[in-house]
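Taking it in order: structure first as structure tokens, then the write-up.
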Amino acid sequence: MNKWSRLRYSPCLPIGKDGRRITGSDEHIRLSREAAAEGMVLLKNEKRLLPLRDGKRIAVFGKAQYDYVKGGGGSGDVTVDHVTNIYEGLKIKESEGKICVYDGLIDFYKNESERQYSCGTHNGMTSEPELPQELLDKAAAYTDTALITICRFSGEGWDRKGKPQDGDFYLSAQEEKMIDSVLDRFKNIIVVINAGAQTDSEWYHSNDRISSVLYAWQSGMEGGLAIADIICGDVTPSGKLADTFAKRFFDYPSSDSFEESEDYVKYYEDIYVGYRYFETIPGADKKVNYPFGFGLSYTDFEISDINAYLNENTINVSASVTNTGKTYGKEVVQVYYSAPQGKLGKPSRELAAFKKTDLLAPGETRKVYMAFPVYDMASYDDTGKIKMSSYILEKGSYRFYVGNSVRNTVKADFEYIIDNDIITEQLTQQAAPCKLEKRMLSDGSFENMPSYKNNTKRSEPEPLAAEAPNSPAMLIDVCEGKVSLDSFIKQLTDDELIGLVYGQPNTGVADTYGMGNLGKYGIPNVMTADGPAGIRILPDRGVTTTAFPCATALACTWDPELIYRVGKAGAKEAKENNIGIWLTPAMNIHRNPLCGRNFEYFSEDPLLTGKMAAAKVRGIQSQHIAASAKHLCANNKEVNRMDSDSIVSERALREIYLKGFEICVKESQPWTVMSSYNLINGARASENYDIITNILRNEWGFKGMVTTDWNNHADECKELLAGNDIKMPFGFHEQIKEALAEGKITRSDIEVCVKCILEMIMKLD
């Protein structure tokens, strides 16, 4: 096919071998199942109850066995051909002779779920039905082993609830009653949690009668079978938590401020998010049930021969991993550093590097190697305690810890010691807060924050140094080197330029609009598609795709190579359906468990977030499909997301909420970045010159196109001036034309944006 031929609406021709469709193919569905199992985290396994073998009898309780949630709502939803729920997955294992599943409960749970569906209740949000005593008695007569299922659903545009018995973060009263009934009648108890984010863990962590707990996340269309793979030992669990599981909701440092107002969110906890809080603040360590990076296996590992050393401003770490158990398995080696507190204050531990092993046989040893730049350990000084607006390595000793969770580590013999402060990067103040009264320090106290004024000075773009071609040129001529892009842009009229900086109507199977669509000059209409768990095409289009596990589940794999494969597979489905831009990865930080879109995001940790996002971007763009890293930035709450102001220190912005984006941009150069809905310290994200131009483009070297999120409340002219190239899904042509006529914006301002858009389109194929 010729370049962009798939972007010009035509039947979606298969791209698989022998003319087969690859969208929703068996190959991709197997990958979804593999990724699901890799990301599931075994939190508890007393007396090694799991895996179940040799035809072990089990009874399955809880409506989640039927009401399984493959993924969250909104942009994260995916239209699929089928979903394998938990009960179905277990029955497949029964057909293989591995377990025996009691059949006397499924009709009850199926009928109750379907009844609630018929009343308009969404999958995953049905109430736990009251379990008839007769069914409980019959199940108890069949077996002494019970598997309890709990599921949770959340979605775009709303946040979760954090009050006891709400049936969201905490169990509902009906769920508590069901669990108590099962605990009273069964000797061996297994719990499976099907949720997109953290939920209360105290009820199973502190209960000795519950032997095993598998946190299965929202694991895509084959999640039920992946759960069964682990329950039966066909897969040894190797997932590690990407978030800290606290004892109670109010143990999270952001819990008090999360619902303080719908108009703003104040980030008082500053850089002390997740494990940075729990491992640093005095007494906070006692509030944790399961630490960051934690996850059990069916086998045992020994991490030994730890070696760390400095080579050309890079810290190199190696370790030997030995499978000392009796089962094949994988381990994740994690490296943390501890920086001197100095004047700026630091978390006691910060993730620096990680590596997941291949599958190790019992007795097998593998060496793993990791490395990271010394400058990654620098802290940002946003108040001038040492040097204003600079990244600094403070003098003192930097120590390194290697293990398989933030708490289960061994200190390396090597220490990186410096005698004087080192300024690693001198920057300028950007997006500083004017309304943040205080922020947390490493001892748990708070310091007062100064108020800063926005002194942003916008640099006027240089006019394109080119003349229009003598005869009309097509965009393909630019691709073939016959004419420069600057010259191509110069031939466009003002109206034609303006028409390129906002979205265009749908064509084909896409349902989220597109861009380009200037046929006179051969500019194709480039369609976009959600979302983080797979290509989202509305059900009425008649196309089903592959639903992969939610982003949090993918992060818990700690396996960038696997995430690369997921990105590559999804991009192939985008290409086969004539879609040019896949609106993923979503990579906001898990600041609080109640954020309704946490399932779309990776982790509480920016390094893990950035590495996973970069891997997915590389996979997507290997197929000449554009990825879109979103939502830039501090979009950590869904209620009033269009107008809520995220009030946060510049240090926390740079070290936590921007850091993942920085890693992603520098390691993978996504062809597009999406700005968020919210305000950041009083300025809308899409109008924020400090974030989009000064930081994203000038500091990080981003070379791609910036798009708005869909239907935001921002002013398009201000967005163009900020460097936000395109407004989606549509724009305001006459408003821009009027602003151009009045001198509020210049043709050069628009040309710069159009150039970014066309450069992105030229990369597609």
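Each Cβ is built from the backbone N, Cα and C atoms, and glycine gets one as well.
TrEMBL has this to say about the protein:
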- 331-406: domain 'Fibronectin type III-like' (DOMAIN)
- 447-467: region 'Disordered' (REGION)
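Summed and averaged per residue, pLDDT over the domain 'Fibronectin type III-like' (331-406) gives 99. With a threshold of 8 Å between CB atoms, the same-chain residues lying at least 6 positions outside the region 'Disordered' (447-467) that come near it are 383, 429-430, 432-439, 441, 484, 486-487, 489-490, 649, 681-683, 689-690, 693-694, 721, 746, 748-749, 751-752, 755.
Helix, strand and coil content of the region 'Disordered' (447-467), in residues and according to DSSP, is 0 helix, 2 strand, 19 coil. With DSSP classes pooled into helix, strand and coil, the tally for the domain 'Fibronectin type III-like' (331-406) is 4 helix, 39 strand, 33 coil.
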